[in-house]
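Visitor: One structure coming up, written as structure tokens, with questions to follow.
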Amino acid sequence: MSAVREEMRPLGVIGELYARFPGEGFVEQATADGIPTMWVPVGRLLRVMKLLKHEIRQPYRMLYDLTAVDERLRQHRDGLPPADFTVVYHLMSFERNSDVRIKVALRGESPHCPSVTGLWLNANWYEREVWDLFGIWFDGHPNLQRIMMPRTWQGHPLRKDHYARATEAERLTMDAARVDREQEALRIKPEEWGMTAAGEDHDYMILNLGPNHPSVHGVFRVMLQLDGEEIVQAVPDIGYHHRGAEKMGERQSWHSYIPYTDRIDYLGGVMNNLPYLMAIERMAGIQVPERAQTIRVMLCEFFRITSHLLFYGTFAQDVGSMSPVFYMFVDRQKAYDVIEAITGFRMHPAWFRIGGVAADLPRGWEKRVREFLDWMPKRLKDYEQMALKNTILKRRSIGIGQYSTDEAIEWGVTGPGLRATGYAWDYRKARPYSGYEHFEFEIPTGKNGDAYDRCLVRVEEIRQSLRIIEQCLKHMPSGDYKARHPLTTPPIKDHTMQDIETLIHHFLNVSWGPVIPPGECTMTVEATKGLNSYYLTSDGGTMSYRTRIRTPSFAHLQMIPYLARGLMLPDLIAIIASIDFVMADVDR
Amino acid sequence: MSSERMALIGTILLAVVATAALLIWVERRMLGLWQDRWGPNRVGFLGLGQVVADMIKIFMKDDWIPPFADRPVFVIAPAIVMVTVLLAFAVVPIAPGVSVAGDWNVGVLFVLGMTSLAVYSVMLGGWASNNKYALLGAMRSTAQSISYEVFMGLALLGVVIQAGSFSLEDIVLAQQDGWFIGPQFLGFVLFLIAGLAETHRLPLDLPEAEHELTAGFHTEYSGMKFGMFFVGEYVAVILVSGLLTTLYFGGWLGPTWGLTLAGWSFMPLVWFVLKTGAFILFFILLRAAIPRPRYDQLMRFGWLVLLPLALLNTAVTGAFVLLRSGA
């Protein structure tokens, strides 16, 4: 990682930016993932963003991620502009099939940055999150409130000087005054939600749906302004499942953080390990052997199936169909049986390791996988009759919560939600990782981008996942299940008793954990619910300096007010069900 | 009233309520069977003790009345459903001459009247709870029950015309040459849908709609007051099943195979129970099989599809009867 000097005139988007803004102090940064990265003076930010979104040829239409880094304790900053905090914008272009990262250096205790909410609608929540966790002000933001932490929270947790554990904090005492203050903060004031209870000739009902409600899939709250049963406004409130997963990343060794990733999208299991490990492996320069890659793909697809089956069942259940979910749970158990036979765990195996996987496939794994492949297709056929072709289910979901491809991109929607609009874009095809380029499968798409199509796409994806698993079964390569590289975990022990070098590496990696060279890297996978990225910053230590987890559910939930307006209360439930999120994936 | 009669009335009512309680177990076991799982099978033989356990639990529970509720109305509401549904049962003939209130010449009207009154239970319960979900549930329930009441009445007019009587016994006797399910098939389907709506069972359980309104109109109810709504729903299921049997499936009538043994006198009761039981199971199966339509879709379906069909059924039946009688 080092700053590249302007005279070198590189090509691509970096070159275009240098050409448009000559001599304005733009600094290019080289990163391990190869995503063009540019430091931009804060005064030019909006101009640059507007250019990238609207004016440039093949524009970057999606604000894929927006986050920040507390730079104050970072040691390896070779040549980067001086900064106390950095705001990082990750933009995605579908036409170019590539990304760009824009960084803004901010100084001082209470830094300010212009808001990009005027350019991207989905910047709203991202900027609120950065404000909440880093204390960076976004000038021009319409509603700069805390989003993850309680409104009464003091401090900004992702700052380096904020404590990470309760034992480091001042002892919590709830005296009468504090209890009163907290109670008062819980009072529902419609104005705070941008609502009014009094209409022109009749009052509206302000309904608090959640955080504990049968069909919000976890702890999720939607404040509703209702006119009869018609939704005038729906304002989602998140943060009830916030566990500080990103903060934990700064306190765990590279290796010991793996189990935490399993619990981000808790239905995705080992699929969560993959982007995290891919980012580490890229920074460490580890080549994962083919066999390990294929094992990873196979398990990821198993988890895609179990996650989609849960979606399928709960979707049917949320429109009032009681039975399908029970049948699908039987199938999920069958899939988990296979997963358990391979990994030893069911839902959260945390089974991938830096450089490969934890163990080789057990003897007889082919038989278990084959049994599942034989079992599943006929069940899917049954479900089609039971759920998808049901007239009432169709009436409840066709045309409900509809959006176009352009709207999806504007809101940062990825995964099945994007494909349901008819846009065949799958990360596994567009930018293959972990050997997906060797597999044959199709990208299922919908037509209307409504709740029904979102279900249809996922059902078809189950079939495609079965196809991929079948190919894994037939063409499982032989070889190592973990790379022969000193930074893998747990380190390879074969030669420790023969040469001192291996012994030292083994000793250090087991006792301290691997030291990953300084650098930055974003790695993305097509997860069960959309694109999931880990943006890791290593400062050359045994722990991550900053772990940013970009999850699909966060972006998708933000769209709810836009989708629900003018519909009925039961439609909102159908929309929520069709989005397919888990709150752990939203709040992290 | 003779003591024998009192005993008969007591037996019938007790049997109905006991069956309703038992249905909770039956439903859970049947759903389990159809949904690849076990259902309650641990307490006692086949899990039958579950009924007793549930009863004990529901009686022992804290019977909480929310401080913000309208107390008297809140207390009365669950009682109304039990009273009205059991009263409606009074005129249903279980066997020739065997019913709680005897044979009334306005039996059908009485049943309709009582089921209409049951609406008050849900409406008042939802209103008195002073809870937003309960209010939404009560609102849905009122609209749904009042609308489907209309189709229910119209649907069974066909039967009344064919039998020429409002008496339920007469209606059964009029089916000796053939059950009304044949000529009145359309009426039967309409009555079944309306009956589902009246009992708030799953495809049409919008007033409770767990996934939308948490528990709908009875969100604030607990203990035995909730129990009354719960058992009241099952009594209503028995009532509607009993009515379907009586109106369209020949009530207690069944093949005698020319038998004139002493045991024959039990047969009408057996036939009635078997037919009613089959309908109850059908109701449970419907719950397992069909999703819930949206509230406005349900209303539109009622007024735009069911109402014209019910009117058509009445008119065609009337015309047929007139033609046949040669008037």
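From the backbone N, Cα and C atoms, a Cβ is placed for every residue, glycine too.
Copying in the features that TrEMBL gives for the protein in this structure:
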{"type": "TRANSMEM", "residues": "B:7-26", "note": "transmembrane segment"}
{"type": "TRANSMEM", "residues": "B:38-60", "note": "transmembrane segment"}
{"type": "TRANSMEM", "residues": "B:72-95", "note": "transmembrane segment"}
{"type": "TRANSMEM", "residues": "B:107-127", "note": "transmembrane segment"}
{"type": "TRANSMEM", "residues": "B:148-166", "note": "transmembrane segment"}
{"type": "TRANSMEM", "residues": "B:178-197", "note": "transmembrane segment"}
{"type": "TRANSMEM", "residues": "B:226-249", "note": "transmembrane segment"}
{"type": "TRANSMEM", "residues": "B:269-289", "note": "transmembrane segment"}
{"type": "TRANSMEM", "residues": "B:301-323", "note": "transmembrane segment"}
Visitor: Please give the sequence-distant neighbours of the transmembrane segment (B:107-127): residues at least 6 beyond its ends with Cβ less than 8 Å from one of its Cβ atoms.
Guide: 70, 73-74, 76-81, 84-85, 87-88, 90-92, 134-135, 137-139, 141-142, 145-146, 149, 152-153, 156, 160, 166-169, 171, 198, 200, 207, 216-218, 221, 229, 232, 236, 239, 243
Visitor: Counting only pairs at least 6 apart in sequence, do the transmembrane segment (B:7-26) and the transmembrane segment (B:301-323) share 3+ Cβ pairs under 8 Å?
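Guide: Contact criterion not met.
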Visitor: At a threshold of under 8 Å on Cβ distances, which of B:72-95, B:178-197, B:269-289, B:301-323 pairs most often with the transmembrane segment (B:226-249)?
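Guide: Comparing B:72-95, B:178-197, B:269-289, B:301-323: B:72-95 has the most Cβ pairs near the transmembrane segment (B:226-249).
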Visitor: When each of B:178-197, B:269-289, B:301-323 is checked against the transmembrane segment (B:72-95) for Cβ pairs under 8 Å, which one has the most?
Guide: B:269-289
